[in-house]
Amino acid sequence: MGLLDGISHLTDLRALTPDQLDELAAELRDLIVSTVSRTGGHLAPNLGVVELTLALHYVFRAPDDRIVWDVGHQCYVHKILTGRKSQFHTLRQFEGLSGFPNRNESEYDCFGTGHSSTSISAALGMALARDLSGEDRNVVAVIGDGALSGGMAFEALNQAGHLGCRLIVVLNDNEMSIARNVGAMARYLSRLRTDPMYSRSKDEVESLLRRIPAIGPRVLGWIERIKDSLKYLVVAGMLFEELGFTYLGPIDGHNIPAMLNVFRQAQAVEGPVLVHVLTKKGKGYAPAEKNPDKFHGVGPFDPATGNTPTDARVSFTEVFGRTLVQLAEADSRILAITAAMTSGTGLGPFSRRFPQRFFDVGIAEQHAVTLAAGLAVEGYRPVVAIYSTFLQRAYDQVLHDVCLQKLPVVFALDRGGIVGEDGVTHQGVFDFSFLRPVPNLVMMAPKDENEFQHMLKTAVEHEGPIAVRYPRGTGTGCALDQDLVALPIGRAEVLREGDDITLIAIGNMVPTAVKAAEILAERGIEASVVNARFVKPLDEKCICHYARRTGRLITLEENVIAGGFGSAVQELLVAKGLTDVRVQLIGLPDVFIEHGAPHLLRAKYGLTVDRVVRTAESEKRKRARLKLAPRLLR
């Protein structure tokens, strides 16, 4: 029986001696690797924070003390220790544990996260609320060096330092993005700063010197000038000192006694304090240590080797990367921009082939969009590759800096629609709705990976802002054309003719419509199928033609219904006076979509062939009753 078997709650953790925590850390790593190998998830980030999380929960008293996890990629140990060990096997599964902190799941998840760089702002708000209420608790924000590149984090640091609020920020530095400290003197000064005697001794010495007649103030000034010169040897720490934080570190994030010591010291600091902790991403699992980027977020894998199952089909992301390289070979104006997602957006091949035309701006989506606008002004064709959910963070820049000026910026929106196991914070189900109202913007969504290639060709040749939205995962396995052509803007594609009802689908719902039409034909209902291709502008002529022809429409989209593609079709019919046409909208309801396998989520929310078939059959029965009603009246 291991130590972990006896851990059900934080009280069990605190009953252990500090010497037992390293053994517990090893057991936690084994559990995480075993579980994530089956469920998928964020492996390397969690392996890197095992000791850090143990130390935090050993010193701080959650839930009374607040611990906010930035992004949430690294919350697995936290979940195991806070009463959810028995559920950990359900991680990221439908109706199981979320892969991110979730306030609805546990009182220990004091703030929900999923997007980056929010923790310090939230923690500062909690700290201010504590002070306003006259309460006494610690508030801790845990943020990675990658997330610290987000502007919002610096905005929060700036105000926290200005206010002098008692707040602890733990910088989990696992990539050495912040410069290494320089030389022996820097290490010495760092050791001084981690000693609680340092601040007290400094104040006592200053007080003593000020009381010495004549020479005291001069000596004090001389010491201050030396200190000001030396302190800039501690490159990273001085940035935070200048912002008003007490800087403690750097600390070995896998040395539990050192972290227990520094966290206790941080509790004693009056005012904001930043604890700089150095960790190794993927720690304790050789494949993840060797390739932490690959194991940042993974699907199921063989824990013995780290190998993942292969799929002969290519993903939409891979098609994007290949196609953009192909297009850029022929057009030197094409540039690629990503916000810290080079691999995730498929831009690895582009970055290697065209390093001078590739820009990774870090976690700075707003900057990425306006950077693209500036490049477009000067005649380039920038392609901003970004997950749908993260474009939400740059909405004003899309409107104000790109679309208002009608600049030729391409938005390649990966992970559009239901993303799956990453859950509520990552589902890309709002983009149709928030982009459709924007003037000057064209928006497309492909039915398969081959059409996607042609849409990319269309996008880079368009003389204005344009977005193409595509799903996560593999495509249909269709053949890929070698020669690409630009599609006519706003032109739909008719895939099937029928007189009984029309199915108008967009994006990855088109194959669902085609399959449903085949089943309906077997049941005596002939359906027209239209691949809309464009959310904006709509093919008004095509839609109105089939509305008049069949009198019944079903729209299909993997987006919220409110303000989405189906709503656009309804608005068109009203504008054209076709108010007698019956329209049924199949899409997502007015809720945040939880985590789970995409096929289970689609089944729950009715984005299925069966739902389309049942809806069409119901419309046929209604039509039959309407035809019968006048006869009964006679």
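Note that Cβ sites are derived from N, Cα and C of the backbone, with glycine treated the same way.
Since this is a predicted model, take the numbers as computed values, not measurements.
As written in Swiss-Prot, here are the features:
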BINDING   His73, Gly114, His115, Ser116, Gly146, Ala147, Asn174, Tyr285, Glu365  thiamine diphosphate binding site
BINDING   Asp145, Asn174  Mg(2+) binding site
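The candidate set comprises the binding-site residues His73, His115. Of these, His73 has the most other Cβ atoms within 10 Å. Highest Cβ count within 10 Å among the binding-site residues Asp145, Glu365: Glu365. Cα of His115 (thiamine diphosphate binding site) to Cα of Asp145 (Mg(2+) binding site): a distance of 14 Å. Take His73, Gly114, His115, Ser116, Gly146, Ala147, Asn174, Tyr285, Glu365, the residues named in the record as contacts for thiamine diphosphate: the widest Cα to Cα gap among them comes to 32 Å. Around Gly146 (thiamine diphosphate binding site), a 10 Å sphere centred on its CB holds 21 further CB atoms from the protein chains shown. Neighbour density for Asn174 (thiamine diphosphate binding site): within 10 A of its CB lie 23 other CB atoms from the protein chains shown. Reported as a whole number, the C-alpha separation between Asp145 (Mg(2+) binding site) and His73 (thiamine diphosphate binding site) equals 13 Å.
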